[in-house]
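Asker: Dropping a structure here in C-alpha cells format, bear with me for questions.
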Amino acid sequence: MNKLIYYFGNNGSDGNASMKNILGNKGAGLAEMSNLKLPIPNGFTITTELCNYFYKHNNNLPKNFQNELQQAITKLEITTGKIFGSTTSNPLLLSVRSGSTVSMPGMMDTILNLGMNNEVCNALADSCGNKLFALDSYRRFLEMYGSTVLSIPSDLFEQIYEKHKVQADIYKDSDITVELLEKIIDDFKRLHIKYTKQLIKDPYEQLESAIKAVLYSWKNNRAIVYRKLNNISEDFGTAINIQEMVFGNLGKTSATGVVFTRSPSTGEKKLFGEFLINAQGEDIVSGTRTPMPIIANDSNSMQAMMPEVFTKLSQIAKKLEEHYLDMQDIEFTIENNKLYILQTRTAKRTAIAAINIAVQMVEEKLISKEQALMRIDPESLNQLLHTRIDYSKKLTAIAEGLPASPGAATGIVVFSPYDAEKLSHHHKVILVRHDTSPEDINGMHVASGILTIRGGMTSHAAVVARGMGKPCVCGTNNLSIDEQKQILIAGDIVIKQGDIITIDGGSGKIFLGEMPLIQPTFSEESTLILDWADEISSLKVRANAETVNDALVSIKFGAQGIGLCRSEHMFFDKNKIPLVREMIIAPDIERRQCALQKLLPLQTEDFKALFRVMKNKPVNIRLLDPPLHEFLPTTDEDKKNLAHSLNLPLSMIHQRLHAMHEVNPMLGHRGCRLGICLPEIYQMQIEAILTAIFELHKKEHIESNLELMIPLISNVAEIKKLKMDIYAVVKKLEQRYSYKFSFTLGTMIELPRAALGSKKIAKEVDYFSFGTNDLTQTTYGISRDDIASFLPYYLEEKIFESDPFTTLDEEGVGELIKIAIKRGKSSNANLKLGACGEHAGNPTSIAFFHKMNLNYVSCSPYRIPIARIAAAQAKIKQGS
C-alpha cells in the first residue's frame, strides 16, 4: 500500500498544492503554506487512499495503519515539544478535520481538543496557568466528540449547558465560572455513559474512533446530497488532517476568525471577514456569539483591537492570493497574540464577484484573459440576468418542482390564459396549469411566472418560458389542481385564484405569499468579460427568436444572429390564430387559399420587423413544424367562433377535428410532411419572407441575411421535392419584383434516419442544424414532456448520469451527430453546421459542439451570455 501519512509544519512538508487528489483540498493547502514558511499548526495528513480502502474493506483500517499513525504522533510530539496524553505537563491536543479533494464546506465532520480526559485537563491547566480555559476546552471536546463520534444528539449537550447557565443566572458565555464548567462537564460525562455505557478516556482510542468518524462522514446524508448537487464524484474520498491544537479561547489576547482576500459578494479588493476574541472556530459557525469585523471604522474591528496581528494577517492574505492567483478564504486562530493560519482555499463567491475579481486580476496582470474566463461558472450568470429570491432570510417552501427557467416571480395565482390576460392589467400573475400548449401563449406572455404540475425541463412550458426569460417551475408532483373549484392544493394548504405565491425557477421552490427579491445587474465588467469570450471562441452564439422583443434581448446579450426562428410561433398572435384555424379546417383548397392570403400580409410584417432589428445578421427561419392540432380550438366557445367565421355547422367542425386527431402527433403529420401534403402553407410562408426582404431593400435600404430551413427531414426525396417547390416560388417572386434573392437553404437534422442518410441530404443543402430536442426524443424513444415521471428514479439509480434533454448524450445522440457531420462533409465540404436544441445553451453540450467543429449554437436569449462563456472555455480547454 502507498504511503498513507504526509507531514507538514514549521520544518517543511512532504506534499504540495498539486497533490489535492491524495491530500485533499485542505491538506494540499496546508502542505503548500508550510512550504511558503507561513505560520501553521504542525500536523500531518492521512491520504484519501485510506478512505477508499476503508469502504472497500467493510469499514476496516489497514493492518499497518496503527504503526504509521503512532510514528506520526511521535514525530509531532518531537516537533511541538508536547506529549499526546500527557498527565504531567504540556499535553498535546489535536484537531481532526476532514478534507475532500473538492471543497465541501461544513458537509463532513471535525473534532477539536482531542486527547482530553480529567488528568490531561489538569495538566493543561497547570501548564498554561488557566483552569477556566482548560475546562472550557474539555467541555468543548466532550460535546463535539459526543455528537460527532458517538452520535449523541447535539441538542442534549446544548440543553445541559443552557440549563446550568439559567440556574446560575448567567447570560453571557464569558461570565461562566470554573465551578459551573465543572458541573457542566460532569453532566456531559454522564450523558456519554448513558448513551455508550462508557467514557472513552484513552487518547489513542479517541483518535482512532475520530478518524473512523471522519471516514464515515464521507457518506453521511448531507455530504451525499452536496456531492449530487455539485456533481462531485463519490470515488474521490476524503483525506484527514490531524494538527496540534492552537487555542483562540485562552483569553483576551486570543481569537479565531475567517477572512476573505476580497469581498465574496461584490469582489471589492479589500479584506472582508469576521473574528471572535476568546473563542474557537465553531463559535463563529454556530452563531452563539456575534462576531466582529476584520476591518471597520470603529473600535470593535481587529484592525483597531489587534493592530500588529492585523498587519501580519494582511501580509499573509496578500501573499496567499498572489501565490494562488485567486481570491482566498482563510481560517485563522490567534493564540496569545501569535497568528496561525489553519486553512486557505479558493473562496466561493457570487457571480458578480467572480466577474469583478477576474477582470481586476487581469488588469493587475496576475492572470491572463483565458485564466479569467476559466474562473467563471457559466451557469452562475443566471444570477445576473434574472430577479432572484433573497435567501439570506429564513424561508419555507410549500412545494418543490423542477427548476425549468431561472428567475423568481411573485404574483396572484390564475388558472387560465384568459384570466392571466384579464388580470395582468392590474396585477402581476403566476399562470398555474397542469401543462401548457401553444394555445396558452398569450397567457404565458403576460404572466410574470409559470407553474405547471406536469412536464420536465424541456416541456413546452419550460422551453417557451426560457425563451421569454420568464421564471418557470415544472413537474411539481406534490401539487394538484382542482379545476372545478379553481384551487391549487399543496398538502394541507389550499391556494385559491387571486392568492399570492412566489416561484423560484432557479431552484424549483414554491412559496406562499410575497418573498424578498433581488433585482438583476449587468455591469461593465460583465460586458468586458463576454467580449473577451467572443475574442477567444471559434463557436458563434446565436439566438432562438421570433419576435422583435426576443431579437432585441438577443442583440443586447451579444447574439451573432438568429439560429432558429420558429415561424409557427407567429401564428399564435390573437389576430392570426383565427385565420390559421380557418386555413386548417377549410374543407377545400379554395377556402384554404383564401385564409392563407389573409395571413400573407400579416406574416410579411412579422418578418419585416425581425429583419429590420437584425439588419444584416443571419436570420435562420424554420418553416412550419408542429402538428396542426396544436393550433386547433379546444374550448366550446372557440369552436363555435370558428364555425361562425367559416359559415359551417358546428357538427362539421367537430367532424373535422375528429378526422385530424392523431394518436402520436409529434411523430405524425408535422414538419416537412405538412409542406409536402399542404404545399400552399410553405408557399405562403416563403412568399411572406421574400416579400419582407424585398420591401426592406427597396423602401428602407436594409439588406437581410436569410437562411431558410426545412424541418423534420428523414429522406432525401423530401428535400428534393420541397426544394423544387421553394425555388418555384422564388422564381415567381424574382420575376414579379425584378429582384434577385440571395439566401442559403438548410435542414434540421432531428431524426436518426436523417443523420444516417446525411451524405445524400448534404448534397441538396447549404447547412445542417441539429435539432437536438427531437433527435434526443427519437433516439431514446422518450417524450420530453413525460420524462419527469421517471427521470428522478433513473438519476437516483444512475441509469442516467444526467437529464438527456438538458445535457447532450454524447454516446448515443452525439454519435449520430458525429456520423451526420462526417457523412455530410464527405459529399459537401462547404456544409455549415449549427445546433439549435435546448442543449445549445448547456455548457457541457457546448464543449461537445465545439469539439465537433460546429459553426454556431443557437439558444434561448437569456442563455446567450452563458453560451458565450462556455464556448470560450471549450476553446481554451482544447488548447491547454
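Just so it is clear, glycine is given a Cβ too, placed from its N, Cα and C backbone atoms.
These came from Swiss-Prot, pasted as-is:
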- CYS836: active site, proton donor (ACT_SITE)
- THR458: phosphothreonine (MOD_RES)
- 406-503: region 'Central' (REGION)
- 504-538: region 'Linker 2' (REGION)
Asker: Where DSSP helix means H, G or I and strand means E or B, what are the helix, strand and coil counts for the region 'Linker 2' (504-538)?
Answerer: 13 helix, 7 strand, 15 coil
Asker: Could you give me three numbers for the region 'Central' (406-503), the DSSP helix, strand and coil residue counts?
Answerer: 25 helix, 34 strand, 39 coil
Asker: Roughly where does the region 'Linker 2' (504-538) sit in mean pLDDT, to the nearest integer?
Answerer: 92
Asker: Counting across all protein chains present, how many other Cβ atoms fall within 10 Å of the Cβ of the residue listed as 'active site, proton donor'?
Answerer: 28
